Amino acid sequence: MKKGTRLEPPDGGWGILVCVGMAMPFVSGLAALPSFGLVFGDFLKSIGAETSAIAFITSAFFCAFSFAGLFSGSLFNRFGVRAIGLTGGILYFTGCLMQIFVRSTLDLLIAFSLIQGIGFGLIVPTSYTTFNNYFVKKRVMWMSFAQSLIGLGTMFYPVLMQKFLEWYGFRGCLAVLAAINFHAVLGMLLMQPVEWHMRRLPINDQEMFENAKPPQPVITDNTQEDPNLLSPLTYSRKSSQKLSRENLRKLSSRSSSIASLGNWSGPVIVSDASPQMVNVLGSRRHSTAISNKSMPTSNNEVSDDKRSVWQIIVDFLDLTLMKKPIYVNIVLGISFALYSDIAFFTLQPLYMFHLGYDKPDTASIIAIGAAADLGSRVFLAFLAMFIQMPSRYIYLAGAFFTVISRFVFLTVFDFKNMAIITAVMGFLRTWIHVPLPLVFAEYLPKDRFATGYGLFMFLQGNIMFVIGPAVGYLRDMTQDYVLTFHCLNFFMALCAIPWILEIIFVKFRRRTKIGAISESK
């Protein structure tokens, strides 16, 4: 009897080079904003630009970044993941090359914010998509490896920028930086399709018996079925197995934790997530067909056509997620927290210059914060082996303790205490950045993760674009860094406080329902 075989991602092999390729552009992309004031501070001062210019440029960067991320999913389907990643890498390098010749704020806005923002917005989803395709069982280990490379690079980045400025001057430093950022193109060349490196493994008797079982229909509130819902790797796309609602509940009931960071291979619904997400798994892709069938076709065909176009837009952007209060709370909280974090560390060098620190001391303190960030990544990786905790709680703890540490930051002025509190904030910064994708993975099923995360990128970029210039204008009008940092701390609190209220409300509502059920019995 001839035994069958199945294809499985390599969980290593070429995937190791994918980790290296992901780290290449992420180092410069994630470290560029905290060091933006260090590199461009004197140039902007020489042309008469103030803090509002930095805030506007960085906000415009994230606006372009978010628009590129929003449409990355459809671009992947049409042109392929690797091709879009290469386009993003070329745009990112081109924007950095153009910065050598900037003469005004407008030139910097076009080169850095627009071109590099779009490029990085295509690089990020390409890297995450390729990484998730290559790793299934060992995602935690290799994600920790990639994050360590990124953290190591960001730790030395500000020190290198300071040395390059001393050795080569402003434009010479930008030329060297452009050469370094060319590695973004090389990194995207490493993003080969996983189909080129799949492992062929024999199927054992139990798997063959399970594959021989007749498919079971999906039981949902709608009469339509999704033929591609949660099809395992052992099945072809045309013969995907349909799961029953009971099987779906079993798959979705595994508890999420920081141990599953980057290690989800199916829908994950935690106790604080919205339970009605299960009901929409099989209905979103058929919402257009259902609505068209339910509408009369003889009365108003023009209205039907308009509704179909609108349904296509809703389905493409997955705008039905905006009806979910928990999803909206997650998006707003993370958007405010990310803006507060990025703006804070962007303004920190300028604040230290204002206090009288010279460039070497400022670069050293920034590097200490990056080293603490790297240590925190390693700490989370080891913590994941022993303690299971929802990543949203990790994120919430990071936001809460960051608010407290920033109040302490505003009370210290000497080098030693400034280095210590910067290290604490750098340690907590990892808790805000690393668990971010998993917060959405816990709430959204896998088939809605790409669109849900893309919608978040779009909303986050626009939120940053709106509030960024406002905070910069406040700083220029008041000439008060302390007031500006308090404002940024307020935005960080807008993540922690609503999330705490949501947890309290969800726990209270669940307890009330359980009490009502027990009383009825």
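Any Cβ shown, glycine's included, is placed from N, Cα and C.
Under the heading compositional bias 'Polar residues', TrEMBL lists 219-231. Here TrEMBL flags 17-513 as domain 'Major facilitator superfamily (MFS) profile'. The feature region 'Disordered' is assigned by TrEMBL to 212-231. The transmembrane segment feature in TrEMBL is assigned to 12-33, 53-71, 83-102, 108-128, 140-161, 167-191, 326-345, 365-386, 393-413, 419-441, 453-475, 481-501.
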Folded-back contacts onto the transmembrane segment (393-413), same chain, C-beta under 8 angstroms, at least six residues removed:
258, 333-334, 337, 341, 344, 355, 380, 420-422, 424-425, 428-432, 435-436, 439, 482, 485-486, 488-489, 492-493, 495-496, 499-500
Who are the long-range neighbours of the transmembrane segment (326-345) in its own chain, taking Cβ under 8 Å and residues 6 or more past its ends?
33-34, 55, 58, 62, 272-274, 366, 369, 392, 395, 399, 402, 406, 429, 432-433, 436, 439-440, 443-444, 452, 455-456, 459-460, 463-464, 467-468, 471, 485, 488-489, 491-492, 494-496, 498-499, 502
Residue numbers, six or more beyond the limits of the transmembrane segment (53-71), whose CB comes under 8 Å of its CB atoms:
33, 36-37, 40, 44, 88, 105, 108-109, 112-114, 116-122, 124-125, 317, 339, 342-343, 346-347, 350, 453-455, 457-462, 464-469, 471-473, 475
Do at least three CB pairs under 8 A connect the transmembrane segment (167-191) and the transmembrane segment (108-128), leaving out pairs fewer than 6 apart in sequence?
yes
Sequence-remote partners of the transmembrane segment (453-475) [C-beta within less than 8 Å, at least six residues beyond its ends]:
50-56, 58-60, 62-67, 69-73, 121, 125, 317-319, 321-322, 330-332, 334-336, 338-339, 342-343, 347, 437, 440, 444, 481, 483-484, 487-488, 491
State the non-local partners of the transmembrane segment (167-191) in its own chain: residues 6+ outside its ends, Cβ under 8 Å from one of its Cβ atoms.
14, 17-18, 20-25, 28-29, 39, 42-43, 81-82, 85-86, 88-90, 92-93, 96-97, 99-100, 119, 123, 126-127, 130, 161
